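As annotated by Swiss-Prot, ATP binding site applies to 170-225, with the evidence given as sequence analysis. What Swiss-Prot lists as Mg(2+) 1 binding site is Asp303, Glu316, and the listing cites sequence analysis. Per Swiss-Prot, Mg(2+) 2 binding site is recorded for Glu316, Asn318. Swiss-Prot lists 140-349 with the feature domain 'ATP-grasp', giving sequence analysis as the kind of evidence.
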Amino acid sequence: MTKKRVALIFGGNSSEHDVSKRSAQNFYNAIEATDKYEIIVFAIAQNGFFLDTESSKKILALEDEQPIVDAFMKTVDTSDPLARIHALKSAGDFDIFFPVVHGNLGEDGTLQGLFKLLDKPYVGAPLRGHAVSFDKALTKELLTVNGIRNTKYIVVDPESANNWSWDKIVAELGNIVFVKAANQGSSVGISRVTNAEEYTEALSDSFQYDYKVLIEEAVNGARELEVGVIGNDQPLVSEIGAHTVPNQGSGDGWYDYNNKFVDNSAVHFEIPAQLSPEVTKEVKQMALDAYKVLNLRGEARMDFLLDENNVPYLGEPNTLPGFTNMSLFKRLWDYSDINNAKLVDMLIDYGFEDFAQNKKLSYSFVSLGEEKIGKFN
């Protein structure tokens, strides 16, 4: 039987470029372990260009990236408006895209728009699901409207931020808040703030990443929980995982970028999280509800905060969960008796299924007729 060709895309121009490479390595190995697919790899360099497959294989093997990119760029006609994606065409046809691009391009809907334009199946959520979920402010608005508990927040831009002094923030949200760039992932552009000086610095930092910034209340005694969700119309939810860092209960520690991807030796992981049956049921249901409200398909990770009274708050969704050796998403499915090879096989099947469903939808239009719309000279 002819193997289906899977285009594994990784890298990108976000601050999570290197994380994407590590996730892609594990996805590559998992896809290969199924013995069902031919894998074609495409790295997206930090300059936004898709690299040819041979160069991409070297980068996936963690060879020094910049010389590889420099050599590739010498072969590119940069005057061609489609030069950035020319490598896709030169690799021939493939059956499905498997994006592993964290942050910009991969999680904001950009790549999904390209896949839709090319009329090809892909793994994961549709463009609108990615775009909405990547915007933390818009996500919280949708969660709130649909009755899914989340933390209190304020959204500011560079102009309206002047109306929110630190004293006003404290009165509204409390004396510990998190300041976040609205459209970033993996704790990039996020600061924990406890005073006016930190608040000013945090706003300045977050506005480097986005023109929209979220200011969010801290949750007292918070435990951080993660839940994996996979599927389309009838999604599956994983066991719940928990992680704590030193001083997290007092509010002095939190699960930041360093703890996620650089050094997690101080992080305590717990799978399954030790929760009451009632809280476990509520968290899983909230995860499923959010998955549907945000129009997610294929895969997602839902992050929660559990307060000192064991009340869960949905933090944010991640529509393209990390799959590094440190990633809890990967471990959650292992614990749920779905190993890596089985997981990627299911994700690929979900991609084909969603594509087939969308093909049944009508995109036809009714002509208004020349006599109604007039002629153009």
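Cβ coordinates come from backbone N, Cα and C, glycine included.
Here the features listed in Swiss-Prot are painted onto the structure.
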{"residue": "Val177", "record": "ATP binding site", "Cβ neighbours (10 Å)": "27"}
{"residue": "Gln184", "record": "ATP binding site", "Cβ neighbours (10 Å)": "23"}
{"residue": "Ser191", "record": "ATP binding site", "Cβ neighbours (10 Å)": "19"}
{"residue": "Glu198", "record": "ATP binding site", "Cβ neighbours (10 Å)": "15"}
{"residue": "Asp205", "record": "ATP binding site", "Cβ neighbours (10 Å)": "15"}
{"residue": "Lys212", "record": "ATP binding site", "Cβ neighbours (10 Å)": "20"}
{"residue": "Val219", "record": "ATP binding site", "Cβ neighbours (10 Å)": "23"}
{"residue": "Asp303", "record": "Mg(2+) 1 binding site", "Cβ neighbours (10 Å)": "18"}
{"residue": "Glu316", "record": "Mg(2+) 1 binding site", "Cβ neighbours (10 Å)": "20"}
{"residue": "Asn318", "record": "Mg(2+) 2 binding site", "Cβ neighbours (10 Å)": "21"}
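Recorded residues Asp303 (Mg(2+) 1 binding site) and Asp205 (ATP binding site) have their alpha carbons 23 Å apart, per Cα-Cα distance. According to DSSP, Val170 (ATP binding site) is assigned to a helical segment. Looking at Asn318 (Mg(2+) 2 binding site) and Lys212 (ATP binding site), their Cα atoms lie 19 Å from each other. DSSP assigns Asp205 (ATP binding site) to a helix. Glu316 (Mg(2+) 1 binding site) has Gln184 as its nearest neighbour among the binding-site residues Val177, Gln184, Val219, going by CA to CA distance. Val219 (ATP binding site) carries neither a helix nor a strand DSSP state and counts as coil. Taken as a whole, the domain 'ATP-grasp' (140-349) shows an average pLDDT of 90 in this prediction. Note: Val170 (ATP binding site) has no non-local neighbours, i.e. no same-chain residues 6+ apart with C-beta under 8 A of its own C-beta.
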